[in-house]
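Participant: Below are the features I grabbed from TrEMBL:
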- 29-72: DNA-binding region (DNA_BIND)
- 27-71: domain 'Homeobox' (DOMAIN)
- 74-275: domain 'TLC' (DOMAIN)
- 83-103: transmembrane segment (TRANSMEM)
- 123-142: transmembrane segment (TRANSMEM)
- 149-168: transmembrane segment (TRANSMEM)
- 207-226: transmembrane segment (TRANSMEM)
- 246-267: transmembrane segment (TRANSMEM)
Amino acid sequence: RFIARPCAINLGIQDSGPHRAQPNAILEKVFTSITKSPDGKRLEGLSKQLDWDVRKIQRWFRHRRNQDKPTTLTKFCESMWRFTFYLSIFFYGIRFLWTVPWFWDTRQCWYNYPFQPLTSRLYYYYILELAFYWSLMFSQFTDIKRKDFLIMFVHHLATIGLITFSYMNNMVRVGTLVLCLHDASDFLLEAAKLANYAKYQRLCDAFFMLFGVVFIVTRLGIYPFWILNTTLFESWELIGPYPSWWLFNGLLITLQFLHIIWSYLIIRTAYKALVRGKV
């Protein structure tokens, strides 16, 4: 409200919504109670009832649908908040992990388990991440609705489950690696969105391509061969399997399936961008 909004206005982003549909009680009732996209038969019936041209009614429904969409300013503010958090927490995580032994040798995640000290820096890192994902879990119902709502809902559930479960079981060492790895690409996507809303097309394309590369390298390369390798095989070797081991790895594998779905969408978008010349 006090930072993102002035930035957006300075970049020329206006708080004006799309063209509003003219008031009409009959069409409004159909829109809210029956359908937002009427078929040909219903359009003909409404045309006779109102003595309007079918195209005029189609235009009214298009304007009415667009009327409910959030403004570019609203989307800019939401993305700027997320960009700020993801960037800050990523650098905090990197700075913290750079000084700990398990960042350089993942087998250190399991030595002396579960009797591993919980330092204050590690505690704050975990609690900040958990608080943020809980906020996303609740705010996704009031935030801007996007096409990947259901996938994001599953993602938030899996993430909160993993953070809480790993904290309760003192698996925080490997947990910090998972968190930092996921934060590595998120701020780049939000940066691409900000550039897009501000109509800096080349900057948007550059950020998106960089995001795509980092996402695929971290989620399809480093995550399975570094994270899943230590949770599935090194932990089995050093501490052996136990009941919660199956749940922990089940949630991590669920995340991997989500990574594959998103990677496919990113590659498809990148391909379209190369064909069209822009994202």
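Glycine too: its Cβ is placed from the backbone N, Cα and C atoms.
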Participant: Between the transmembrane segment (123-142) and the transmembrane segment (246-267), are there three or more CB pairs that fall under 8 A, provided the residues in each pair are separated by 6 or more in sequence?
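Facilitator: Answer no: the transmembrane segment (246-267) and the transmembrane segment (123-142) share fewer than 3 Cβ pairs below 8 Å.
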Participant: Going by DSSP assignments with H, G and I as helix and E and B as strand, what are the residue counts for the DNA-binding region (29-72)?
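Facilitator: The composition, in the requested order, is 31 helix, 0 strand, 13 coil.
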Participant: Average the per-residue pLDDT over the domain 'Homeobox' (27-71) and send me the rounded value.
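Facilitator: Over the domain 'Homeobox' (27-71), the predicted model scores a mean pLDDT of 79.
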